[in-house]
Amino acid sequence: MRNVVLIGMTGTGKSTVGRLVAEALGWPHVDTDERIEAVTGRTIAELFAERGEAGFRQWEHEVLREVLKGEGQVVSTGGGVVLRPDNVALLRDGQFVVALAAEPETLVRRLQGDASRHRPLLAGDVEAQIRKLIRERRGLYDFAHVRIATDNRLPQEVAAEIVHLYRARTNAQVTGGSY
Ligand SMILES: Nc1ncnc2c1ncn2[C@@H]1O[C@H](COP(=O)(O)OP(=O)(O)OP(=O)(O)O)[C@@H](O)[C@H]1O
Ligand SMILES: O=C(O)C1=C[C@@H](O)[C@@H](O)[C@H](O)C1
Ligand SMILES: [Mg+2]
């Protein structure tokens, strides 16, 4: 359990909630999308335009691998990180993985009008793109240790639940309990 890692569909709140979890634990927060932009000097939309989705996914893999070498961090991933089996293998190796979830309607409401710089996959008809991504990614987030539905919940509430679950799990390991 070296790091707390948030996975989930785009718009489930990984970046927003991850920052709050990090504050609560007193740990650094790493957002892999932001790290990719810092390392490449490009926005995600520029990377997609210049290198295609495959080029972006390669950067995502390399950044994830580097970040997960560290410990005591809260890591917010990009929504598509689970598409590559080698990423899933890294995530399954000693990380506390939390999947955030939300109904399609919630994602559409949150992301409507916010597709440009950070989420080129949602360009055009946001609702249609979200529904397509949900279909393509069905089951891919299921390996997480816990799944938290975020509909009608404040980011602060979701973050508090993650902190509680993480502490319960690590305490159980220390005391030998089976949680
Ligand atoms: N629990 C919540 N309730 C209401 N709005 C939320 C909640 N969590 C996040 N949001 C809002 O939804 C939008 C998307 O959140 P965020 O950027 O954290 O998602 P993400 O999971 O990191 O997405 P991506 O995978 O694309 O990086 C933001 O505008 C954020 O303020
Ligand atoms: O769901 C996705 O595939 C993505 C989500 C974002 O976090 C970014 O990582 C990028 O826009 C791709
Ligand atoms: Mg994010």
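The backbone N, Cα and C atoms fix where each Cβ goes, glycine too.
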Next item on the list: Determine which of GLY11, GLY13, GLY79 appears in TrEMBL for the same substrate site as ASP33, ARG57, ARG137.
Entry: GLY79
Check: If TrEMBL says GLY11, THR12, GLY13, LYS14, SER15, THR16, ARG119 bind ATP, which of ARG51, ARG84, ARG153 does it name for the same site?
Finding: ARG153
Checklist line | Cβ neighbours of LYS14 (ATP binding site) where a neighbour is any other Cβ within 10 Å | finding: 28
Next item on the list: Report the nearest neighbour of ARG119 (ATP binding site) in space among the binding-site residues ARG57, GLY79, ARG137, comparing Cα positions.
Entry: GLY79
Next item on the list: Could you say which of the binding-site residues THR12, SER15, THR16 has its Cβ with the most other Cβ atoms inside 10 Å?
Entry: THR12
Next item on the list: Report the binding-site residues (THR12, ASP33, ARG119) that meet this criterion: Cβ distance to the nearest atom of ligand 2 under 6 Å. Use sequence order and write none if nothing qualifies.
Entry: ASP33, ARG119
Margin query: Can you go through the binding-site residues GLY11, THR12, LYS14, SER15, THR16, ARG57 and pick out those with a C-beta less than 6 angstroms from ligand 1?
Written below: GLY11, THR12, LYS14, SER15, THR16
